Each structure stands twice: as structure tokens, then as C-alpha cells.
Amino acid sequence: MSNTIKMVVGLGNPGKEYEQTRHNAGFWFLDELAWKWKASFKEEKKFFGEVARAALPDGDVWLLKPATFMNRSGQAVAALAQFYKIKPEEILVVHDELDIPCGRIKFKLGGGNGGHNGLKDIQAKLGTADYYRLRLGIGHPGDRNLVVGYVLNKPSTEHRRQIDDAVAKSLQAIPDILAGKWEEATRFLHSK
């Protein structure tokens with residue numbers, strides 16, 4: 001049986017100055033997944049980002065960290081998906097989520113973009129919202145005028161620990177997600 005997910009995308013912004021910011025939670029997840037799968041990233045200009053191929057027993061899974069900055073993430077996702085003939089429903093996008101308490105996780109297929117510029121661009125470039133999302137809660141600053149500064153700053157030590165715990169828990173659900181066991185993955189990820 002082959003994997004139902006053929007590409008995992010972590011969203012973030014490239015560059016040292018953004019490395020530890022909340023908006024890069026998707027990159028944090030992907031770095032841990034690549035380490036777990038012993039896959040190495042290398043820059044691929046034709047895919048507008050860093051790409052790693054994980055050779056798994058049930059087939060290859062491509063890992064992608066767009067180097068386009070958040071609001072142009074779709075350019076990288078669409079380039080890799082088109083080249084390897086990966087359908088939107090075979091893509092998992094991992095990203096930070098303001099509307100979920102810090103350290104909580106939500107998993108879903110499709111839906112709105114919640115104002116997330118990375119998701120907006122992916123939807124525009126793929127022509128559909130029907131791809132899977134793993135949403136890592138980073139919490140909300142409480143005032144929409146503070147959002148940009150909030151996502152582009154480092155979390156507190158406590159919040160970073162909560163996000164790291166959410167990443168670790170999410171990694172445990174990846175085998176079910178790859179196997180298409182959506183209900184099992186959702187139940188596990190949504191539990192406290």
C-alpha cells in the first residue's frame with residue numbers, strides 16, 4: 001500500500017532572523033521530521049525552496065521548506081507538486097495557527113485560510129483548498145493590530161516548550177496520516 005500523503009510542506013520564512021519566530025513553526029516541524037526519517041534538505045532553485053526526499057517503505061515522501069517567504073509559499077508547493085504529479089489531496093501543509101491556543105494541534109482537510117498568507121497563496125496556486133493541514137497552535141496576542149509583530153517574534157520559553165511538545169506529538173501521528181487513517185490521527189492530535 002502506498003502512502004496517501006506524498007508531500008509534506010512546512011511553512012516559514014527563510015533567513016536567520018526568522019528562524020526562531022512563531023511563524024516558522026512549520027519549519028521546526030519539518031526539521032524534526034527530516035531528522036526522524038534521516039532525510040537531508042538541499043536547496044532546489046527550480047522548486048523555490050529546500051527539498052528532501054524520504055525513502056520510506058511505502059514509497060517516497062517529499063519534504064519542502066519554501067524559500068519564497070510566507071506570502072509566496074504556493075509558488076514552491078505548486079512547482080514541486082506539478083513536477084512529481086502530486087495531487088492537492090496528497091499534500092500535508094504544516095503551519096502556525098493564531099486561532100488555536102499555544103501547544104494545541106488541529107488536523108483537517110480543506111477549509112478556509114484563516115487569514116494565513118501562506119495558505120492563501122497555496123490555495124491560489126493549486127486552485128483548490130483541498131489539501132491537508134496540520135495546524136500548530138501559537139496562540140493569539142489578543143489584538144489583531146499586534147498580530148504581525150507577534151508572529152514575527154520569538155515565543156517565550158514556556159510557549160516554545162509548548163510548541164515543541166506539539167511538534168513531538170504531531171510526529172507521533174505521521175504514520176497514521178501517511179496511511180490515510182484520518183480519524184485515528186485526528187482523535188490523537190485533538191486530544192489533550
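In case you wondered, yes, glycine gets a Cβ from its N, Cα and C as well.
Together with Y18, F69, N71, the tRNA site in Swiss-Prot holds one more listed residue from N117, N145, N153, which is N117.
Site extent for tRNA: the farthest pair of Cα atoms among Y18, F69, N71, N117 sits 16 Å apart.
Minimal Cβ crowding within 10 Å, among the recorded positions N13, N71, is found at N71.
When the recorded positions N13, H23, D96 are compared by Cα distance to N71 (tRNA binding site), the shortest distance belongs to N13.
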